[in-house]
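My questions will all concern the structure given below.
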């Protein structure tokens, strides 16, 4: 029997995000090095040549060499499956307590009250995690149908939601950026232009993310597929190693600066993050429809988001300073990398053209009758027809299909709660409480926005938070007299800014924390500090700008 001999470096591999913040490792280094481990992988001599072509690329590209067949390794013990007992018990108990122990208000129907109890159990499970998010959401959906709370068609109605399919397609666009290397090339150019100092390097990375954000609608994909590899390469070349005292030389600062700035990049453009699109759909269900959404979004967010992008790297440079202040070698390293990458490839040009078309249709499509999801479908079709992506790429994007499942379930349940009057009942109750304190609408706006923001400490997903609470909080704003457009957009901008609160608050947070450059106490401290600074920026600069635009 022949075998494949691989040299696997023990250097840490790039952590890539799964949709809920967990990390998976990849990149096996095939070149032997002094710090590598040699592995022999047996391959049957009877394996047909055609079958060999279907081996994973790692194995197919390795050179074969004769070796003795190793004795079979013992199988690792299977991980315990099923739900975690205590989180399961607490999640189910939350819904049962509301259903059977809390008196039903007279203005709420039995059907609506039962749906609310199932929804609360679902949200409790998202926080406590008895099962993966998709599995737990499916259990909630099953409960609504099995108890005849909702008919099958109503329970599954959100699976035809245009916004959800737009979010799914955005994952495929992000894969195209990573697969072609276009995102890496753009970011490397900014490092070449601005990277002579550590602060300039940070600004180069932050600006390059804002540059590609509208066409790469996933903050997590930008973090794991583009910016973390660049940050790690620059840090290691400066002697800044993860899980080591040298991390504070450069890596710690670059990781935190990029994470904290990414919230403003995602808030700047409607198509920069999945939760943005969901918020607009939920707002429309409440009765807040935003005309020409792409332009309106950009106009309202532009000034506070740009101020936030400019302030964040400098703020962190002062409160979390790197030991290395100058990086004179970074532009040369970037130039060498660009040289090694060669000229822009055919697939990169196709990606550029397709994204320009998609973004143009997102901006102007409403005037010619092309919806955002149709624009995205056209873009994806071009990438498939010209071979930039293939269908296997789409099938392997598990995060997209997982998001489709649990996202549609949450949106569907939230929509039914609105239709059955639960959201309006909750908002009226909240409005009465706020009125009892004689709060003006600006004061109520501040209280509700702060509550919505800091509740995120309980969530491990921005989109789950939005699906669970956006509709209710928007309805509370409206009941308190807050101008509708201002309330809807401010909540959505917050949904981007709270993604850097903790190491678990978003997919990108998990990616950057997993790199090993920042200690956990620093993550919490910097997350809270930057949140306070963003509150000042968006609360002062944003409020003045929105007054100028006539939002209130």
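A Cβ is built for glycine as well, from the same backbone N, Cα and C atoms used for every other residue.
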According to TrEMBL, transmembrane segment applies to one of these ranges: 472-493, 494-515. Which one is it?
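Residues 472-493 are the ones TrEMBL records as transmembrane segment.
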Which one, 85-102, 114-138, 370-391, has the most C-beta pairs under 8 Å toward the transmembrane segment (439-460)?
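Ranking 85-102, 114-138, 370-391 by Cβ pairs under 8 Å to the transmembrane segment (439-460) puts 114-138 first.
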Top stretch among 193-213, 294-317, 403-427, 526-546 for CB pairs under 8 A with the transmembrane segment (150-173)?
403-427
What same-chain residues lie close to the transmembrane segment (347-364): Cβ under 8 Å, and 6 or more beyond its ends?
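Long-range Cβ neighbours of the transmembrane segment (347-364): 173, 176-177, 179-182, 185, 214-215, 270-271, 294-295, 370, 372, 374-376, 378-379, 382-383, 386-388.
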Please identify the stretch among 294-317, 370-391, 526-546 with the greatest number of Cβ pairs below 8 Å relative to the transmembrane segment (472-493).
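Maximum Cβ contact count belongs to 294-317.
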